[in-house]
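What follows is a set of notes on a single structure, which appears directly below.
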Amino acid sequence: MKETVGNKIVLIGAGDVGVAYAYALINQGMADHLAIIDIDEKKLEGNVMDLNHGVVWADSRTRVTKGTYADCEDAAMVVICAGAAQKPGETRLQLVDKNVKIMKSIVGDVMASGFDGIFLVASNPVDILTYAVWKFSGLEWNRVIGSGTVLDSARFRYMLGELYEVAPSSVHAYIIGEHGDTELPVLSSATIAGVSLSRMLDKDPELEGRLEKIFEDTRDAAYHIIDAKGSTSYGIGMGLARITRAILQNQDVAVPVSALLHGEYGEEDIYIGTPAVVNRRGIRRVVELEITDHEMERFKHSANTLREIQKQFF
């Protein structure tokens, strides 16, 4: 497995998610050069100007430019945020047909440049579109990563932190499966400030109802946000920046992403949300969590849901 070289990033798609990611990236000073590609040239020009004016106050300088696909040739990463937007009431899986075609076009142009880095995909439905990018690119599986359940896990940790009045950084809990309606919480391995959530459940049976409500709020958060403001952006932008940092700083840190399975959880040939160790090679390894029989049953349902959609296109 080869390491990606340099800190240049090409961002494809400067909508709400893409710009939020670019803003987070600049504030964290991770890229030397951020080239942005978007079909709306006028709006892109305004975003590039606006971001560059903010770079003045960042801790380190990021050169932000209007990009072309030729910029991908020497990029360490290509981050895809482009695609048809999710409409109010529309599930992520309903976006498949439109966005698979968009991915095929984008990936063809990227690979024609000679790109040899890492793809990070955020377009929805992210698990299936990450699989599409892998198939269309011909790259090794570990160099194609989806944002997966990074945002869902963050939402879950935040809400658990609110319940127990601790910082989210002291909450260790994962959402796995599809980034969408069939995802599931892994309560069996979750800890709050080092205390097992399973142990808390044993002591307080009524806690189960509160946790189920928190999970439902986590799962449905995107629908509420989209209904209120049209799209999700800041949370996923920060999540993408976290994955980017893990890659470019070669951190070998476990992050909940969409990764290709090779027998983990008894599944293969699908991209799905699970913790994975990430570094400059992309995904070093998938982390297979020890989950209960009930959690496994729900995970299998999630995997089958994705597979049924995926097989219509691949």
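Along the chain as shown, residues are numbered 1 onward.
A Cβ is built for glycine as well, from the same backbone N, Cα and C atoms used for every other residue.
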Suppose a student reads Swiss-Prot and sees Asp38, Lys43, Tyr69, Gly83, Ala84, Ser105, Ala122, Ser123, Asn124, Ser147 listed for NAD(+). Which of Val17, Val19, Val166, Val171 should they find annotated at that same site?
Val17
By a 10 A CB contact count over all chains shown, which of the binding-site residues listed here is most packed: Val17, Val126, Ala154?
Val126
Per the record, NAD(+) is bound by Val17, Asp38, Lys43, Tyr69, Gly83, Ala84, Ser105, Ala122, Ser123, Asn124, Ser147: how many Å separate the farthest pair of Cα atoms?
25
